[in-house]
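The domain 'Major facilitator superfamily (MFS) profile' feature in TrEMBL is assigned to 63-520. Taken from TrEMBL, the feature transmembrane segment covers 55-76, 111-132, 144-165, 171-191, 203-222, 234-255, 332-353, 373-393, 400-422, 428-454, 466-486, 492-514.
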Amino acid sequence: MNVSDRRDRGVWGSVDRTLDVAIRSHLADPDGVEEPFLPDAEGKRPVSIHQNKSWSSLLIVTAVATTLGTVIPAGYNIGILNSPQQVIVDFCNSSIFHTYGTAIEETPLELLWAFVVSIFLIGGGMGALMGGSIANRIGRKNALLVNSSVNVIAAIFFGTCGIAQSVEMLLIGRFIVGIGAGMSTSFMPLYMSEISTPATQNVLGLLCPVGINLGLFIGQVLSLEKLLGNEDNWNVLLALTCIPALLCLAVWYYLPETPRYLFVLQQKTDLAFKELSRLRGLPVDQLGPEMEELRREATRVTAEMPKDGLNNTNSQSSWTLKTIWAKKSLRWPFACVVVMHLGNQLSGINAVLYYSTDIFLSAGLDKQQAELALLGAGFINVVMTACVVFLTARFCRRPLMMISTIGVSVFLVVLALCIFFINKASWIPYCCIAALLIYVVFFDVGVGPLPFFLPSELIPAGPRPLIMSLGCLVNWSTNFLVGMTFPSLQNVMGVYIFVMFAAATVVQAVFLFFKLPETFRPTRSFSPASLSVLH
């Protein structure tokens, strides 16, 4: 008995068959012809077609190289300063003294450190806003070149700032690498969605959050004091951000431009089909269904483009925030993207991680054990985000998001109560640890990864780059505001700040419950007759 036979006879097989029958009956045309992957005029998203060859070698190399060059460096730089904080603060002080002949007091030094941290987020917001525009102007492949090169340039500043005794170079490097991180979050999901097949879209669509969490975990490990988070190696630690970017650049020339960008937005038909053939590892005459899908998408994008005063369609770049909001079919999907990115940061994930070391210490762990426990939480974060690949391949998006938001809200309140009563009994610190880890699990089921994945299913190709850029801009801006206000709010509210985050997550859940459309459809293939190539 093979694997598919066992699945068909099990419980999951029954669920799959029931879902497939229900969705087929809901989406089938009156003439019985199944639609391909594109949304129709009413905004419904029909089921994808199966490609003859899901994973080609070029597709795998492109996915790995893009992840290395974009989101892994982004995640690596998010939390890399936590462990070597005091070492870098001392460097800032000595650099000021070396350059200007004066030492700065504690309060200005704390402000300088806050600026070193926050300038990364400022760069991230700028990069997120630019990512979609750059990808449209120069293409997805060339945007990848820019993104990876930005990370290498930042690494040069990091590697030389210690030798030059220049805090200014450190700040410039942090700003530049922030721009690269912001670009990656808005551009990378777009690139992956445009080269994926129906069978690979779940994996490729979630590489962005998986790569960020993996980079974050690698940064946490390497920044341990016994490794590189010390006085002798901290600038090497920062400069290592260039390694994955250089690996990406080594194969960049051989990577493809996306067929959708070439065909739908640039109208370069022959080149689009050539790149499609390379991506799938098949001759063009075997790619009829996907070629027809591109034709349908080009027709639909042209029909939906904003029109000028002469009733002529403008270029794809004519999409603006005003034209998006004016179009009723885009208004609520756009609002859902913004709310999901807001909720990603207002769920309190950074505050929870901030408290995590204190929680582990209160449970009786020493400093070294607390660091290892924090690494364990980071590892769970990576594993759970990777597991979402399998969840999104089988389950609907709305239930995943609802389960995630409810779980996050509940365990934020539980965590607040446990921290409040942490000294009342010897077993409560262990409840804190359990609540923290369960919170991370619920966060990674939906609130964490889905804001980077769902826009490619919610938004059509034309306005998609702009909407994804705006969503990521909201994410980075909210991250910056939370980071700046969290210390003050913590002093005023104490552990009740977790209740505030829980309330924000509940608001997100209510909004998405009423406005988030379901985009999940199990894949199915065309009938043999429909596989004929349209010449």
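Sequential numbering from 1, following the chain as shown.
Backbone N, Cα and C define each Cβ position, glycine as well.
The transmembrane segment (373-393) shares the most Cβ pairs under 8 Å with 428-454, out of the stretches 234-255, 428-454, 466-486. With a cut-off of 8 Å on Cβ pairs spaced 6 or more residues apart, the transmembrane segment (466-486) and the transmembrane segment (111-132) reach 3 or more such pairs and are scored as touching. Taking pairs at least six residues apart, the transmembrane segment (234-255) and the transmembrane segment (144-165) share three or more Cβ pairs below 8 Å and count as touching. Remote same-chain residues near the transmembrane segment (203-222) are listed as 63, 66-67, 70-80, 82-83, 184-185, 188-189, 192-193, 195-196, 228-229, 237, 240, 244, 374-375, 378-379, 381-382, 385-386, 388-389, 392, 444, 448-449, 452-453, 456-457 (criterion: CB distance under 8 Å, separation of at least six residues from the stretch ends). Beyond its flanks by at least six residues, the transmembrane segment (55-76) meets 144, 147-148, 151, 177, 180-181, 183-185, 187-188, 191-192, 195, 197, 199-200, 203-204, 207-208, 210-219, 240-242, 244-245, 247-249, 251-252, 254-256, 278-281 of its own chain at Cβ-Cβ distances under 8 Å. The transmembrane segment (171-191) shares more Cβ pairs under 8 Å with 144-165 than with any other stretch in the list 144-165, 332-353, 400-422, 428-454, 492-514.
Highlighted: of the candidate stretches 332-353, 428-454, 492-514, 428-454 has the greatest count of Cβ pairs under 8 Å to the transmembrane segment (400-422).
Ranked by number of Cβ pairs under 8 Å to the transmembrane segment (492-514), the listed stretches 111-132, 332-353, 428-454 are led by 332-353.
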